[in-house]
Amino acid sequence: MATKILIFLSFVALSSAGFVWVDDDNNSFPKLRQLYVPPLPQPPPLPNIPGLPQPPPLPQPPPLFGFDFSPILPIPPIPPIPPILPTPPFINIPAPEDIKNIKPKPGQFFNGISVKSRSGYALDKDGNRVKTGGTAVLINDNGEVNETIVGDNPPKFEESRKESSSN
């Protein structure tokens with residue numbers, strides 16, 4: 001056992017024989033700088049009372065060390081990225097009355113369709129829930145207007161103009 005300890009100590013002595021442990025203040029590692037730590041504020045002094053000692057000042061925090069990145073070049077600002085998709089143009093959607101009243105001139109063509117539907121539940125005379133509603137379809141095929149209504153309580157296209165003007 002003593003032989004193992006002696007061999008171990010000789011390896012330690014040989015490996016550190018070339019190093020001199022000198023305390024020096026020069027910055028052997030220039031990127032490591034001492035960071036500023038502001039001092040702690042001291043409490044106000046207590047009134048002088050005979051027989052009562054004053055408390056000692058608060059201890060100050062130790063200095064912090066960190067890397068100094070000042071020699072590194074600053075990062076340039078990133079230029080703004082243009083939008084990938086273009087802004088779509090404003091589309092004017094005609095009201096059902098507009099579709100109904102369009103009459104194409106000679107050499108022009110127009111096809112328009114408007115669909116409005118509603119569904120709901122109501123109570124019949126016996127108190128049972130009954131599904132109500134319907135659909136109204138307006139088609140203008142080159143000036144020829146066809147209006148189809150399906151269901152027991154379909155919406156009317158005139159109602160759509162009132163709803164859109166009240167919103």
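Placement of Cβ uses the backbone N, Cα and C atoms for every residue, glycine included.
The signal peptide feature in Swiss-Prot is assigned to 1-17; the stated evidence is experimental evidence.
Taken from Swiss-Prot, the feature N-linked glycosylation site applies to ASN26 (among others).
For the repeat '1-1' (38-46), the model's average pLDDT works out to 79. Residues or ranges marked as repeat '1-1' by Swiss-Prot: 38-46.
Among the features that Swiss-Prot reports, repeat '1-2' is placed at 56-64.
Annotated region 'Disordered' per Swiss-Prot: 145-167, in sequence order.
The feature N-linked glycosylation site is assigned by Swiss-Prot to ASN146 (among others), with sequence analysis given as support. There are 10 other Cβ atoms within 10 Å of the Cβ belonging to ASN146 (N-linked glycosylation site).
Annotated compositional bias 'Basic and acidic residues' per Swiss-Prot: 155-167, in sequence order.
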>> Give me the DSSP three-state residue breakdown of the repeat '1-1' (38-46), ordered helix, strand, coil.
In response: 0 helix, 0 strand, 9 coil
